[in-house]
Each structure stands twice: as structure tokens, then as C-alpha cells.
Protein chains: 4
Amino acid sequence: MKQKLVLAYSGGLDTSVAIKWLDEQGYDVIACCLNVGEGKDLERIQQKALKVGAIKSVVIDAVDEFVNDFARYSMQAHTMYEGVYPLVSALSRPLISKKLVEVAQAEGAIAVAHGCTGKGNDQVRFEVSIHALDPSLEIIAPVREWKWSREEEIAYAAEHGIPIPIVQEEPFSIDQNIWGRAVECGILEDPWAAPPASAYELTAQLEDTPNEPTYVEIEFNAGVPVAINGQAATFTAILEQLNIVAGAHGIGKIDHIENRVVGIKSREVYEAPGAMTLITAHQALEALTLVREVAHFKPIVEQKLTETIYNGLWYSPLTKALLAFIDETQQTVTGTVRMKLFKGQAIVDGRKSPISLYDEHLATYTSADTFDQQAAVGFIKLWGLPTKVQAEVLAEKGTMVHE
Amino acid sequence: MKQKLVLAYSGGLDTSVAIKWLDEQGYDVIACCLNVGEGKDLERIQQKALKVGAIKSVVIDAVDEFVNDFARYSMQAHTMYEGVYPLVSALSRPLISKKLVEVAQAEGAIAVAHGCTGKGNDQVRFEVSIHALDPSLEIIAPVREWKWSREEEIAYAAEHGIPIPIVQEEPFSIDQNIWGRAVECGILEDPWAAPPASAYELTAQLEDTPNEPTYVEIEFNAGVPVAINGQAATFTAILEQLNIVAGAHGIGKIDHIENRVVGIKSREVYEAPGAMTLITAHQALEALTLVREVAHFKPIVEQKLTETIYNGLWYSPLTKALLAFIDETQQTVTGTVRMKLFKGQAIVDGRKSPISLYDEHLATYTSADTFDQQAAVGFIKLWGLPTKVQAEVLAEKGTMVHE
Amino acid sequence: MKQKLVLAYSGGLDTSVAIKWLDEQGYDVIACCLNVGEGKDLERIQQKALKVGAIKSVVIDAVDEFVNDFARYSMQAHTMYEGVYPLVSALSRPLISKKLVEVAQAEGAIAVAHGCTGKGNDQVRFEVSIHALDPSLEIIAPVREWKWSREEEIAYAAEHGIPIPIVQEEPFSIDQNIWGRAVECGILEDPWAAPPASAYELTAQLEDTPNEPTYVEIEFNAGVPVAINGQAATFTAILEQLNIVAGAHGIGKIDHIENRVVGIKSREVYEAPGAMTLITAHQALEALTLVREVAHFKPIVEQKLTETIYNGLWYSPLTKALLAFIDETQQTVTGTVRMKLFKGQAIVDGRKSPISLYDEHLATYTSADTFDQQAAVGFIKLWGLPTKVQAEVLAEKGTMVHE
Amino acid sequence: MKQKLVLAYSGGLDTSVAIKWLDEQGYDVIACCLNVGEGKDLERIQQKALKVGAIKSVVIDAVDEFVNDFARYSMQAHTMYEGVYPLVSALSRPLISKKLVEVAQAEGAIAVAHGCTGKGNDQVRFEVSIHALDPSLEIIAPVREWKWSREEEIAYAAEHGIPIPIVQEEPFSIDQNIWGRAVECGILEDPWAAPPASAYELTAQLEDTPNEPTYVEIEFNAGVPVAINGQAATFTAILEQLNIVAGAHGIGKIDHIENRVVGIKSREVYEAPGAMTLITAHQALEALTLVREVAHFKPIVEQKLTETIYNGLWYSPLTKALLAFIDETQQTVTGTVRMKLFKGQAIVDGRKSPISLYDEHLATYTSADTFDQQAAVGFIKLWGLPTKVQAEVLAEKGTMVHE
């Protein structure tokens, strides 16, 4: 009897060919397709897997789980990889891995397979995540193993009755979820070339955006968006709505040369209209509600968390500890941010909070002033003391530090 | 005989009143006005000081020194305070302090005075800098000392023949240099209110920007801008040009609630069209030319440097050591960035470098591929080993880590 | 009617004089003395306060709370200030502050007083903590205010019938709790002088320690010591026992020039026999049970936590977030460490854990080896890729990076 | 004609067998043996290589270069890996790599070989360093490739006339240089077992150390040791002398479970008597001569540098930038430290500096006091302001933060 294997199935050529190929390697293939908000036709994909040769085809809707457990932390921790883009694929891989492992355990499978090549980040994320969750599972990466050229793959597909996309090979390689869309390859491999309009799907070209801004008020409670324009809504619903409205204003286009965990630089284009709007709003609310000491150390934790997730270590104990830090900081991130969406920008237009730490009476220069200005004299004296003592010591020795 | 004192003189009401007040305290006041690119009428200011009672009035053009020794590091180290705005006043204060000390030493003055109040950051920056450079100088802060209301100050001015601005008090408190413009007070003290158009001077309102983008190519050599649109130019000239052209496209408007070194939050609006364009371009070039390890640690140094400068410690030995790190990283930041200036955004449209580390042959998925995909198998095995070993150990004990 | 004030009372001259002085300032003084394990005669102190003029005298035993809520984190986070000594006074101040505030609120007092001078860290810790817990309380620092010389203080005491220590002024200024003992002043102010034997009380001089080592086995469960030499015991009991036995071997003497939060350097001598033994054992157990990624980022959190506590910010939201990180890391810190206490050193003699991540079969070079050595080839290829690509690029341009 | 290859030759069985094996693979082998202070019989090794089949045998004395360019940074940056031991092998590998590349380039070799297995750190360090210096060189790791058992290797040696060590396989695997000695394997693979006396060679057992301390005065100039006990000496000479005298007192024994770059934990024992004495002395001098801000950020740089070197990235641009930071901090690290060497401990007994920043008049509580205690009042007010404002805001809302 054949052993069972669970394959992360996308419905595309690579994983369709993989079903047949894995079958030939001696596995009963269970296809598993996850919805994380990329807008795929799940019904069609489920049927296709069976048609191509899977013994079972599972479709899982994981959008809410993705938003609440993964995208939420991306927003709260402002996980901008290399300071530039919110994580996209890096956030969905651990969730997909978790579902693959759950299906494998439920079905008694001994192996899991994914469709990644050998030069991207996703193979790292899948394999490390799967083994963190179940180190006993075998992992197979058919595309990385078979090393076929495009032509060889199509020949194999033709030979085995696997549907071949009519259009010539897509110009880009794309991954998408409700938090964002990642695009690479093709013309993008020239860093001197601007991304063509065809690389974008979720965001309007700046030239085509409306000449009137849209204002949205986003309300947060303890770091989670809970209402939009005064209407209570789930985080998922708010994100979906913002993807549309901010996308129409051309917000969230990102173009970056990034450092992959496998050691190379790659040029990527991202679209994240909802994500960028939410992160910007959340940052503005934190500026109002976090004490300085938290505001100044949280970025260190954020950077570490971002790299840890990017590098495939979501299920590392380090991630859990970093998230515990983030969780603790979010308790007071409550309030409302009014965003102006206009000409490619999500602009903070106003922010307020019942527990705002901004105090007009302390900050103002008017007569309502309650700040003790004389306190500053003592403060400066002690704040600058180490620097001054050194200057005195070196002056005495005839050496000024700052020639 | 009276002792001499050097006053940082701006030509405004506060420091004009201070000349007289210090004179009454028993000092011979030497007014010292620095040009750091804020576009003041220096001739008029120089004369006004004498008219109001200074025994000497010194004007110093320090624009190039400011650009090359201070703004340059802000660009190379992306000194975005709290991730949001490039330092403005924090950069000019140490240079002004240095010039004040030089004048004081040349003139045999025993004291230095500045016009800051007791609740801002600048008093800290001036006093710590001055004492780092010459710990023997006495420092006086007349405005902080006299504690007058606006009305009392005007009465004093009227009584002593000091010109009083005809217009009712400016609605904002402003500081400006060639790197940027900082605005606070007035309506800005309400964080729920959007900044009025009148708060901005260097940047067009988004609604009024041209409907055609402007493209500029900025060439960097070892981290320093050396040409614009193919024309060699000084850093100062490039910055001046970008301030105008990027300003016209509404680029570099920033609105932030920030944490001051004196412990309060304040709402500030900034304009930095040239600075933001240059920082964005420089970041894109670094993405192409820095190895991953530098790219991922430099932000830690950048954040520390930003806070250190913001907190008034430019002349601390820490700043020197952090700048030594930055200097070392800039040696390979050479190349050209094409920026699209449009609708409030400075967009990286293309970047290239003779020493680019982006390698199409490694990154591509085409047949030109030279990356060894099998190496990834070994890499992942060892990269995920700590996580996997723990999963095995805990699985054996019946405890899965990630329930 | 007089308003009530709660005074942190130690029984010494300063706070005894303060009772009378505060009474003269118009307060009804409630003395409050906390036991945090410094071995004071609490009964005598309680009576003395009343005798000297307090309207009420409260004594609180807070040793277990101190150990479990404060010293525990010092051990788990290895809070070695400037890498050199475990926090001592900085840990007890927030707890004392909390108790003072509780008494003040229960008694309806409007103010709290402490006996610190104006140049140490403790004034900062008390005042920031008290205002974090109840910002409405007034804080008075009599010693800082009255600015008396030693002679003036004694004269005041004599005049008001306050007992004066018979011995000439103590040569050192000391603070102590169950976690350690801090000594400053006197001969210690010369950094070239070795601390005299008289500065030490808890630890034997190295010359006088036994010639036979003592071995102790300390068992930890989830980061907390739960047994010693196979006997279950509370953390407090284990710490007390270790203070004695490690003290007898001269363990935990520390001599340091430290940077105070108020800007000066001071020379301090510490004794922490139990604390240093526990921290060393805990570190060794973490080396066995934490995955690499946690082991390498935790020190960053530890340093930040140490400085935050040292600087008086225990009740800052930052501390809570940092502690949440620490808590999360401790779940797997379970196992036993055998310590050899000998000649001033707490030496890790062996460590074991049911969930040890050290795997002989992976690490060994014997035939039991299960490590896939070929994986290393791929690992090195990708690990060194950024460095190699740069070398190639620069070599091509005729510029080697490392001349 | 055969191509040339340069082999890092130690004189031991592995690399002797490698000469023959590489010859059979078709290379003319040039043996290259470096002296980095491990006390080998270089003459004998040089001859042995030729006897075994090398076409040329090169011996290079690199002790001073190692001390001045590598060990120096370990001392100045306190590169304690995982807080526990100064780097040993990680410091010599880049220097050896540099010499191998120089010989390869001079001899026209096309490849370099090293004797590392596939599970240690050193293979990573050699290969990344060699390719950073000359990416065109081929790298061969015979021991990792041939995958022989001990028996197979001895059989091969016997067959090819290669001398086989008479004693049964050494119980430990050892690497040594003038900075320290690293020991692994054998009984050490049991973390519950204490290291046997036979594991140590440079340091006396604590039980056998003298009952009288030795005092040494070490003088530093700008971070470099320049004299010992008042006698000017080179860094190398001082280190050699301290290795002997501190070793006799049993100083510098370290026992650690560490995380390797290849993902496993391994148990290692180290001896570093001179290194630990110098690092301790240097830290004490820095405590006296660095301003607080440098003292508190340098550890972040130190940790990064330590990991970067450990992970084989000495020739990364990151290392250069981190070293530039370190260099800048050392300019004022000048003075003398008196060390008491006794019973396994290098104790700071006194420290002094012509540019000491410790100021008795600021720190003291005597009447010589010049510190402005009232400044503290203002300092505390602003220092604690963020915390207090939050407490007020939350109190008003009926939520105390610290229940």
C-alpha cells in the first residue's frame, strides 16, 4: 500500500504536475489548498486536484485565522522588512504549514510536500515550520528536486494530461494574501527599470487616482481595529474594505531590492493598500498612547521579530517571546485615527484617544502652561554631566575631544 | 569693566529683548547670528543687534559646513526620529554651539546665552554642546529665566525701544535650516486637527501639485551626492535644488506627536522636501550596494545615533564612535538613483551601481540561473536545526511547544 | 489638623531626625519600615520611630514578595548592571515604594518621604515609582532639603532628644537586602585602593575560605529554583541557604566603578553570594535548554531591563513588556545544576535537564554521529554568499575590500 | 601538469593523510603551517609535510600579527561568546585563511584545502574567509569528503606510509593559539560530568594553586597594553607572561554548552589565562575612562561583533564597521590596572588613569562635595514625567496600570 503525503496545492502548473510526479514516486497525494484571502476559485482548484490525480482534495478557509493571528502582529509590530514592506508571504507560510501538518496528522500521512524552488525564502519557511510542528514528517520539494526546464515541465504535463495554461508563461511570479501581494521576476529583474503597470493589480496607478481624497476613521481597541467610520466591524472586514478604498487611491505600492535568507538579493514589488493604511494609522496611535521608553525600545523588538518571521522562524520560541512583548505593549493602544487617502498616500489627518498621553497643558507655550521650566535646569545639568566631566578632564590635560 | 557674553541671536523679539536684558544684568553682549540655510536677511539682523544694544554683531555663513558635516550624516544614517522625520533643529544646534564657543573664545567672553525656553529640546542641545566644547563657559538662558508673559515681554520691549513685530504674534513657533523646517504651537496643539495650509511654506499642498511628475537622477559617490541629472554639483547645491523641485511636488510634509528629551510629548509638523528625497534615494542605493549583514545591523546604529543627536549629545564620544561606523559603511554606496517626484511622493524609479551586489544570474528563475538550488537543502537543514531539535525533545516529552 | 505623611523609615540617624523635622514642617508622621531581608531588628526600629515622634509605626515583612516578584526577575534576566553586578537597591526600591503608597492610601496620607540625598540613584527610584503608583502624592526628601553638615544634623538630633550613634560615623554607606549588599564611601572613594576587609560582611575573605569545596545541586522548574540538594524548598529558603554557604566560600564579592543615573561615576562594592551562585547556575541551565535564537536575543532584553530597573523605571510599561518577554523564555528552563563552591567561585560542575537541547548524537565525532555533514556544504555556500558576491564584484572592479 | 593546491597543514594525522589523498585527486600539494602561538615544533612539521608527499612546505610565524590585529580586538571588544568565553579558534581562522590565500596567489595555486569535518564552526570560517579574500579559489575539505571511519583512515595511512600516532586516539579534540585553548569531545560530551584534570594544560587545578596571590600592574595606552609591572613590553610579550603567571593561579578555565553556527549545541572547555586577565583589566579601565553613553551602547556592538566573528564573517564589511566603532572608543582607554591573581580569579585590585572620569568631588558625601543636589529635583521631575503622565491619565480613567 502507498504511503500518504499532503501537498500544499495552489491549482497552478507546478503543483498540478507535482501531484502526478509524487504519485509516480509512490505516494497517495492529498491536495490541500488554503484560502488566506488571495481571491482564488477554491471550488475549481479542489476539483482540479482530484482530476489531476490526488486521492483527496481539501480546501480550508483560513482568512480570519490569518488576519487575527498573523496579520495582526504584522500591524501591531510594524513588521516592515528592511524598513520597507510589510511581510506578505512570510506571514502566510507558517499558517499554511500548520494546516498541512494538521491534515497530515489527521490523515495519517508520513510526508508533506510544497511547490517551492530552491532559491527562495518560502522553502525555508515551510520546512522549518513543518519540522517545528512535527519533526517526524518527511518533507519533499518536487520542483526543487526535478530540476526541469520550463519546456521539460510542459512536456511532462502534456504527456500526463495535466492542463497547461494557454497563455505563454506569466511574466511575473506572484504570491498573494489578504495582507498583500508580492511580485517578482521578468522585467523586474532589472533594478534600473521602473515596474510596469502590469505588475500591479490591487493598486491604481498614481496617474489614475481620484482627485478627491477619501477620509476614513479607524478605531482601535487595545491595538486591534474594531470600527471604521464609526461602524463596528471585524478586523477582516476592515482590512478588506481598506484594500479596496486605499487601493483605488494607489496606496501601498512598494518596490525594493531585498536580502533573502538564502543569501541573495532579489528585486520585489509589493502591493499592500490595506496593510500600509493600517500600519500608518496604528503607528500614529502609538505615538499618542505609548510612553517614550516603550516607543524607543519597541523598534528593536519589531526589527528582530520581522527578521525572525522573514527567516522562517515563526514557530521558534523566540517569536513567542517577542510576541509576548508586543502583546503587553498593546493594552493602551486605544483610540481613533482619521486617515486621508489621497494620491498614493495614507496620511494621518488626526488622532485622538481617551488615554492619550499628549497633554496640551504640558506642551503648550500659552499661559495654560503647567510644565515646570525650572526643572529643566537641573535636568540638563545631570543629563550633560558625563559629557561635561570628560570635557573638563581632557581640557585639563590639554586635549580637547572635538578638535 | 563689564564681562563679555556671546548671544545666539536670531533677530526676533525674544533675543532682541535678551540683548537689553543681558546688558542690564551686567554683560557686554556680542550678538552672533548663524546662517544655516534658513533664508534670513543677515545684513538686517546684524544691524538690528547693534541697534538694540549689542557691542558687536557677528554673522557667520555656515551653510556648507552644516550640509557637509551634519546633514550628510543625517542622510547617510537615515536619522529619522521615532521613524518619522529627519532631524532638523537637532542638527543645527551643535554647529551653532560650536560657533558660539569659537566666538566666545576669540572675544574673551566668559558666558554664552541662548533664547530657548525651559520646555523644549533645544536648551538641552545648546547647553550640553557648549559645555562639551568649553566646560568653563557660563550659560545663560534669559527667556527661561525672566518667566514673563507675552504682554510683559512686549511692555519691556516698548519701554526699551526694541522693535515689536507689527503683526499679532505669529501663530506658530518655527525653526528652519537647509535640511528642513519645524513648526509647532497654535492650532497644532490639537492632535485631532489636521495642520492648516498656513503651517507649510516649503511644500505645496497636495491638491496644488503638478499633474506631471518630475524625474531626477541623483548620483552618489561613497555615500555623498555628487551630481544631479548628470551635472556635477556640490551637496549644498543639490540639496537646494531638491528643496525647490521636491517642494513643488509637495514632498516631505510630516506630522508627528513626538517624545521630547524633557519628558513630554509634543505635536510637530515638519517640511523636508530635499532631505526626504535624498534619504529615500540613499536608502535605495544602499539596498543595492550593502551586504545583508551591514544592512541589518546599520538600523540599530542609526536609531542610537538619531536618539543621541536628538538628545543633545552630538559632542559625546558616543556620537563619534557611531559616526565612525557610518563612515565605514559608506565606502561602497556608489551609484545612481532615478527618483520620480510626484504627488507628494519621492518614488524610487530605478537604481544602478557599478558595484551593485544584485546579481540577475543568481536571482533569476530563467535558464541563466547560476544559483545552486541544492545548497538550499543543506542550508535549511542547519538553519532550522535548533527549532527542530527542540520540537523533537518536547514531542518526546509529550509537550508540543505550539499548541 | 495636621496632614499625614508616610516616611520610609530605616531606624538610622537620618530618618530619625527626619521624623522630627517633618513634624516641625507640619506633618503627622507615619513611619514605615520594610523587611526585605537585611536582617534588621524590626521590633526595636518600630519602637524607636514612636519614641522619636511618629504618630504611628508600621513594620512590613516583604521578604517573600521581594524574592518572588523582584529578585526572581534579576536571576532569570541576569540583570548584571554594566555586566558586573546584580541589581541590589534598585530591586528593593520599587517594592518599598509600593508599600509606602499602600500605607499612604490606607491611612489617608497626602505625602510620602524618603531619606535619600540628592546625588544617588535611590531618590530617582523612589520618586518615579511613587508617582507611577499614585501621581497625586506629594514627595518630600528631608535630607536633600535640609542640606545640613554632619555636625549640624547631630546638633539638631541632640537638641531634639534623638539618639545619636555612639560610634563615630560609620566608615561606609550601606544598603542591604536578601539579594545583596551595597557598600560605598570612605576609603572606597579611591579607585586605586583595594576594598578593605571591613567593607565585607556576607562573604569571607578569599584567604580565609575553606580548602574543601562545597557542592550543591540546585533544581529549577520553569526558571524558578525549587529544590536544593534534592530537598524541595522555597526560593527564599534556597537563597538564604546559598547566602550562607556561598558566602563562606567568599563568593559574590564585586568591586565596580559605575555610572549613576544622575550622571556621575561612583565606586561601589557589592556582596551577593546567593545571587551570583543562582545567576551562574541559571545561565548554565539556559545554555542547555534555550534554542540559539532566544539565547542570542535575550541578552539585548536583559541589558535593557537592567538599565530600566537601575534607572528607577520598574513601574514603567516598558518593564512590564520586557518581563513578559522574560516570562515566556522561562517555560523550558527546567533541570538541575551542580555547583562547586570554592575559593571565591561558583563553578558550574554539571548540568542536566529532561528537556535538554544538547544532543550527544548530533555533537559527537564518534560513530554514533547522526549529523548530516554534507548539509554543511550547502549551508556554508549560502551563509557566505553575500560576502562572496561582494568580493567578486569588487575584485572585478579591481578593488579588493580587505587590503 | 598537475594544478597546485595549498593545504592548511597542522602536522596531525588528518592533514597528513590529506596530503596523500589530495595528491591522488590530482593536485600538487603545498603544505602551509601557521604559528599563532600554539607552541608547535614547526621545523618537524615542515619536514613531515615534505616526507608525506607535499611538493613544498611553508611555515609562517604569525604570532605578532595575530596578537595585534585579532586578539587585540577580542580584548578591546570583550568578545565573550554567549557571555562566557573569549573567542579562540574563531580569531585565528581568518588570519590563517589570509595566509593561505596569499600563498595560493604567490604560488599560482587554484585551490585551497582545510582539514575540518562537516559539523564544526571552523569549516564555515575558513570557507567564508577564503572566498571573501579570493572568490576564484576552489575550496576542498578532504576530511568532510572522504567520510572514513577512524579505522579506515588509519588503514589508508598505513598503506601509504604515513606515520600513525602511537598512542590510541587522543581523548580530546584540541585547538590552541596564544589567546586560548579549546577542548572538546570524549568525556566532555556528557554535560553532567565535570571536566577531568586531563582536559586542562595551561591552567593549574584550583586545588593546586599557590596560597599567595600574585599582583601585576598592567598599563594601557589607548586601549593597548604597553607595560607590565612598570616594564614596557609588547602586547605579545605581556600576553605570554600573563598566560604563565595567571595559568599558574588557575585563571581562565571555562566550561560551556555553546550554540554553533551550524545549528547544534556542543560542550566545550576553554583555557584563556592571559586573555581573561587582560579582558578583566581592560573592562575595569573602561569603567573609569568611558563616558556612560559609550559604556552602555558598546556592549551591543560587542555582542554583534562577537557573533559576526564566531560565525565566520571576519572579512565581512560589517566587521570593518564594527571595528571602526571599537577603534574610536579606545582613544581614551589609558591608565593602569592592578590585578590580583589568586585562586582561579583575576581580581581588579585598583585602577587609575590620567584621564579618569571618576571624580571624588562629585561622588563623595563629604564636605568636599561639588555636586548640585538641587539639580536632582529637576532631573527626577523630567526623567519620570512620561511614567507619571501615564499614571495620571489612567488614574483618571479608573485604571491603574500596576494592579
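Every residue, even glycine, has its Cβ placed from backbone N, Cα and C.
Over in TrEMBL, the protein carries these features:
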DOMAIN    D:4-163  domain 'Arginosuccinate synthase-like N-terminal'
BINDING   D:Ala8, D:Tyr9, D:Ser10, D:Gly11, D:Gly12, D:Leu13, D:Asp14, D:Thr15, D:Ser16, D:Gly115  ATP binding site
BINDING   D:Tyr85, D:Asn121, D:Arg125, D:Ser173, D:Glu258, D:Tyr270  L-citrulline binding site
BINDING   D:Thr117, D:Asn121, D:Asp122  L-aspartate binding site
DOMAIN    D:172-389  domain 'Arginosuccinate synthase C-terminal'
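In the three-state DSSP assignment, the secondary structure recorded for D:Gly12 (ATP binding site) is coil. The most crowded of the binding-site residues listed here (D:Ser10, D:Ser173) is D:Ser10, judged by how many other CB atoms sit within 10 Å of its own CB. Sorted by the number of other CB atoms within 10 A, the binding-site residues D:Ser16, D:Asn121 start with D:Asn121, the lowest. For D:Tyr85 (L-citrulline binding site), the Cβ neighbour count at a 10 Å cut-off comes to 23, with all displayed protein chains included. In the three-state DSSP classification, D:Asn121 (L-citrulline binding site) falls within coil. Taking the Cα atom of each, D:Ser16 (ATP binding site) and D:Thr117 (L-aspartate binding site) are about 15 angstrom apart. The two recorded residues D:Asn121 (L-citrulline binding site) and D:Gly12 (ATP binding site) have their Cα atoms spaced 19 Å from each other. Applying an under-8 Å Cβ distance to chain C, the binding-site residues D:Ser10, D:Gly12, D:Ser16, D:Thr117 reduce to D:Thr117. A Cα-Cα distance of 14 Å separates D:Ser10 (ATP binding site) from D:Asp122 (L-aspartate binding site). Here the binding-site residues are D:Asp14, D:Glu258; the one with the fewest Cβ atoms within 10 Å of its Cβ is D:Asp14.
Taking a C-beta cut-off of under 8 Å and a sequence gap of six or more, D:Arg125 (L-citrulline binding site) has these contacts in its own chain: D:Ser89, D:Ala90, D:Arg93, D:Pro94, D:Ser97, D:Gly312, D:Trp314. According to DSSP, D:Tyr85 (L-citrulline binding site) sits within a strand segment. Cβ atoms within 8 Å of the centroid of the Cβ atoms of D:Ala8, D:Tyr9, D:Ser10, D:Gly11, D:Gly12, D:Leu13, D:Asp14, D:Thr15, D:Ser16, D:Gly115 (the ATP site) belong to the same-chain residues D:Val17, D:Ala18, site residues excluded. The DSSP secondary structure for D:Glu258 (L-citrulline binding site) is strand. On the 0 to 100 pLDDT scale, the model's mean across the domain 'Arginosuccinate synthase C-terminal' (D:172-389) is 94. Between the CA atoms of D:Glu258 (L-citrulline binding site) and D:Gly12 (ATP binding site) there is a gap of 26 Å, rounded to the nearest whole number.
A Cα-Cα distance of 14 Å separates D:Thr117 (L-aspartate binding site) from D:Gly12 (ATP binding site).
DSSP gives D:Tyr270 (L-citrulline binding site) a strand state. For D:Tyr270 (L-citrulline binding site), the nearest neighbour among the listed binding-site residues (D:Ala8, D:Gly12, D:Asp14, D:Asp122), judged by C-alpha distance, is D:Asp122.
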